[in-house]
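S.K.: One structure is given below, represented as structure tokens, and several questions about it will come after.
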Amino acid sequence: MILELDQGNTRGKWRLIRATPVAGGETEIVARGVFAPGPWWLEAALPVCWLECAPRRVRVANVAGRDVESAIEARLLRDLGVVAEFARVSAACDGVRCAYAQVEKLGVDRWLAVLAAYRRSPAPALVVDCGSAVTLDLLGGGGEHLGGYIVPGLGLMRRALYSDTDAVKVAESFAPGMSLAPGTNTQDAVNRGLPLMVLGAVDQAFGFLQQQCAATGAAAPRLLLTGGDGALLASLSERPFVLLEDLVMEGLALTNP
């Protein structure tokens with residue numbers, strides 16, 4: 001059994017998988033969960049199934065900094081007796097070449113998602129991870145990572161808007177498939193405007209990737225969405241998309257096979 005962790009800036013999520021893939025190479029997920037925001041490694045007890053399943057390996061994607069990495073490592077070693085394996089960004093991995101000259105500056109979650117996207121299909125893709133921040137990474141033909149963009153996520157934009165304004169502090173009201181027509185009251189104007197900004201960034205990045213693919217003779221790109229707000233934004237997208245819940249954790253098997 002292998003425990004995989006995706007530790008973001010706000011919260012972490014996890015899954016337990018069989019060490020040996022099932023027929024067809026598919027990963028068998030035994031259990032999964034999402035932590036409440038905050039330092040789960042300080043909780044009195046870890047999830048019961050972690051202890052019951054006794055994973056022999058733990059693979060971790062962490063973007064919350066070195067202190068959090070050390071804390072996670074210590075807790076897992078104490079309670080599970082396993083040394084955590086933290087994913088790192090490299091210049092190249094599994095056929096993908098990183099666009100960053102200083103590869104250590106690229107968020108490991110972005111790298112893992114791009115690797116997993118390429119493993120699923122070598123066709124170009126815009127990989128959008130919709131978390132506290134929304135990251136948009138462009139994967140060109142032949143496994144060429146072309147760089148990307150980072151914009152605030154829905155919650156972060158809302159908090160930024162509230163911090164310097166008063167009249168727009170309205171209740172959050174997001175729903176799958178919601179209308180994005182111009183709001184005729186402040187609540188709709190805010191709640192429709194925030195996802196519209198993210199979708200605008202997606203459209204611009206996708207258009208740029210389409211131009212790059214056309215110029216180089218590469219195949220038409222795909223739009224891949226993942227992350228906590230991925231399902232919401234997928235329901236609002238006018239472009240064809242593929243929604244993938246575990247794209248970051250899928251990449252862990254490539255950096256830490």
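Cβ coordinates come from backbone N, Cα and C, glycine included.
Automated prediction, rather than curation, is the source of TrEMBL annotations.
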S.K.: Per TrEMBL, what member of SER90, SER121, SER132, SER163 joins ASP6, GLN7, GLY8, ASN9, THR10, ARG11, GLY12, LYS13 in binding ATP at one site?
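M.R.: Among the candidates, TrEMBL records only SER132 at this ATP site.
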S.K.: Tell me which of the recorded positions TYR100, ASP109, ASP129, THR186 ends up closest to ASP6 (ATP binding site) in space, Cα to Cα.
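M.R.: For ASP6 (ATP binding site), the closest Cα among TYR100, ASP109, ASP129, THR186 is found at ASP109.
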S.K.: Nearest to GLY12 (ATP binding site) by Cα, among TYR100, VAL108, ASP109 (recorded positions)?
M.R.: ASP109
S.K.: Give the three-state DSSP assignment (helix, strand or coil) for ARG110 (substrate binding site).
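M.R.: ARG110 (substrate binding site) sits in a helix per DSSP.
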S.K.: To the nearest Å, how far is the Cα of GLY107 (substrate binding site) from the Cα of ASP129 (K(+) binding site)?
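M.R.: Pair distance, Cα basis, whole Å: 12 Å.
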